[in-house]
Amino acid sequence: MASLSVQTLLVLLVFVTASYCMIEEASAIEGQREFDYFALSLQWPGTYCRHTRHCCSQNACCRGANAPTEFTIHGLWPDYNDGTWPACCTRSDFNEKEISTLHDALEKYWPSLSCGSPSSCHGTKGSFWAHEWEKHGTCSSPVVHDEYSYFSTTLNVYFKYNVTKVLNEAGYVPSNSEKYPLGGIVSAIENAFHATPQLVCSKGDLEELRLCFYKDFKPRDCVIQNDMYTSKSSCPKYVSLPAYVSLGLDGAGTEVSWVPDNEGDEAL
C-alpha cells in the first residue's frame, strides 16, 4: 500500500507540474489578443549601409559588388489598429534547419544589414532571422502557424509587391544627389497597390517603407501614428534615396573596421 501511495503521489506531482506549465503558457498568450493586420517592413540598404561602421561576414552591406541594391525585408509584423503590436507570443525557439531550403533567398532578400545580434524573446542574443521569428512570427497565428510558413509567406508577399520596381518605373531611382517629393513616392505606391504605405526617414534619407495587408494579404492603408515611425514626423517633404556606397570588400574609401560576427552594430 505504501508503494502504491508513493506512486500515486508521483503521478499527481507530474500532473500538477504539467498543468501549471500549460496554464502559464496559456496566460502569456491570452495576455495578447489576436492581431488586426500585417505590416511588411522593408529596408532601404543605401540608407542603412551608409551608417555602417563595422564589417563582418554576416553584414550584407560589406559584400562589395554583391551588396543589396533594392529594398530588403526587415520583417512581417502583426500589428494592432491602435498603433501597438503583440510580441513574443509563444516560446517557439528559432531553428535555422527549418528554413534551410529558403536560405539562399533569405540571404539575398532578407539579409542582416549590421554585425550586431539582436535580443531574443528569452533574454539571449541571436540572429536577425531568429529575432524576427521569435518576436513577430510567433504572433502571426492563426494566419501563419510555423517558422517555415512565416519566412516563405513573407518572401512571397515581398516578390508579389515589388516596391523597388514600382519606384524605379516611376522615376525614383537611387541617387546621392537627387531629392524626391515624398508625396510622389507615396502616390507611386498607392497607384500600384491601391493602399497607402508608411515611410520612415533618417536625416532626410528614406530608411524604411512599410506595406500593410489584411489577414488575407490584400493591401490596406497603413495606420499612421503621430510618432517617430511615421512619414509625418520623420520624413521631410523631399527625401533622398541614397545609392549604395560599397564597403569593405573592394577597396572603397569608406572607413570601416572588420570585427568578428555578432559584434558591432545592433540589428533592430
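Counting begins at 1 with the first residue displayed.
Here the Cβ of each residue, glycine as well, is placed from N, Cα and C on the backbone.
TrEMBL lists 1-18 with the feature signal peptide.
Annotation comment: TrEMBL describes His74 (among others) as active site. For His74 (active site), the Cβ neighbour count at a 10 Å cut-off comes to 24, with all displayed protein chains included.
Annotation source TrEMBL lists active site at Glu132 (among others). On its own chain, Glu132 (active site) has His74, Gly75, Leu76 as residues at least 6 apart in sequence with a Cβ closer than 8 Å to its own Cβ.
Contacts of His136 (active site) defined by a Cβ separation under 8 A and a same-chain sequence distance of 6+ are given as Gly75, Leu76, Trp77, Pro78, Trp85, Ala87, in order along the sequence. Taken from TrEMBL, the feature active site covers His136 (among others).
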